[in-house]
Amino acid sequence: EPGPAAGSQPLPAEGADTKTYLWARYHEMKKLVYDLLPPGVCNLLNPAAIYANNEISLGDVEIYGFDYDYTLAQYSNLLHSMIFNTARDILIEQFKYPEGLAKYDYIPGFAIRGLHYDVQKSLLMKIDAFHYVQLGTAYRGLKPVPDEEVIELYGGTQHIPLYQMSDFYGKGPSLKQFMDIFSLPEMTLLSSVIDYFVTHGIEFDQVHLYKDISDAIRDVHVKGVMYKWIEKDMEQYILHGDEIYAVLNRLVNHKKKLFLITNSPFSFVDKGMKHMVGKNWRDLFDMVIVQADKPNFFTDRRKPFRKLDDNGTLQWDKINQLEKGKIYKEGNLFDFLRLTGWRGSKVLYFGDHLYSDLADLMLRHGWRTGAIVPELETEIRIINTEQYMHSLTWQQALTGLLERMQMYQDAESKQVLLEWMKERQEIRSLTKNLFNPQFGSIFRTFHNPTYFSRRLVRFSDIYMASISCLLHYDVNFTFYPRRTPLQHEAPLWMDQLCTGCMKTPFLEEMVHIR
């Protein structure tokens, strides 16, 4: 039985061979795409914009909450090298790993956020929203694993079963997802150590290796080494401090209440906020909670709040109210809600970790959420390039041609279609490599969203590159997400009409519609 579009397909002119006809359609489509994208069409997206997954009016928001690290405080990439080097040295000196690891340095741009790591198979890879491994993005150590081997490792498929994938926080029985920005040096160290062992033919236990590296990275944070680096040279490590002051001051001037919930210790947060906002930064906040132990803060009722004095010394008295200007440690969200009465959609909380910061607040408590995604700025600048725009538009058009012309199954036509498929794959690889040669974009696995993207849409009402993006919008601004097409709606959209993905019989008609 013919498909939906089969009846409307044009046929080659009488006497013309299908091969000539197919290539004629190919060249017509290429000219159309070129005409659609005249010079200067780029820079359509603003890297400083806020993007909405859900409709939200800032006028309804009375209370703004913030995480600290990578939300209020954005850090220089120099920090990643320091974390990598220190954790590498801990492995050598304390865990007695081979001294040959000392020759490995941090590789900026090797990994991206949102990757999964299969502990038993020692595979670092990107997975899409449908739980499929993106072929070409599976690495063991610093080297890619051939697609055939990846498929064989997973029983003849690219699909990862749900039970293996993850729990609510991205931690499954065999796969771990790296979701925060601090995990970039951890992934690079993991890959470097595996590379050393594989290159030197050293047998290792995958579970122990993963745990040792996780522990070494954790020690850099828990033992305060990282905090000391940042405190010693804030000018070098903390970015956009003046913009943070402008955001917070503007909200307070419009009678908004502010609070801070962070896992970092008070002395570290205090020094950073004084650097960015000034010595009276606490006057801006109605509530400051440090060492909160998120995500447990949002789910575990057992830890009560404790008060700190102005020097950060722990107090012993019972907390019956949360006072403006005071510093609190630990606690839990249930007591926070009971003591403040701050519930539902009048609260908007910003964080960079989709699981630890945002998931529970949105799904269980109805707060509005804003995700801070620093990578967005770089990715949008790439999307705005002429090379990306032309590659993507031609890829869409070529995909439409392949779908519509697959009805021609004679030997010569099949050869043409194979050439088109090969070209399509080359374009897909090219566009992937524009973002990251190993893993591509954090938002896309070719045409599908990544697993990270799916969580971003699920757990955030709005997302942006940094908190400073709020400065571009009125405090009563309403964000309206655009109606993006479902697949059965796609032919109604102009970009589909213009790039040939709609099953439209004649190019002349497409030009007329445009």
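Placed from the backbone N, Cα and C atoms, the Cβ positions cover glycine too.
Automated prediction, rather than curation, is the source of TrEMBL annotations.
Per TrEMBL, these features apply:
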type: ACT_SITE; residues: ASP67; note: active site, nucleophile
type: ACT_SITE; residues: ASP69; note: active site, proton donor
type: BINDING; residues: ASP67, ASP352; note: Mg(2+) binding site
type: BINDING; residues: ASP69; note: GMP binding site
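Around the residue listed as 'active site, nucleophile', the C-beta neighbours below 8 angstroms that are at least 6 residues distant in the chain are LEU260, ILE261, THR262, LYS294, TYR349, PHE350, GLY351, ASP352, HIS353, ASP357, ILE372. Packing around ASP352 (Mg(2+) binding site) is summarised by its Cβ count: 23 other Cβ atoms lie within 10 angstroms of its Cβ, all protein chains included. The 10 Å shell around the Cβ of ASP69 (active site, proton donor) contains 23 further Cβ atoms across the protein chains shown.
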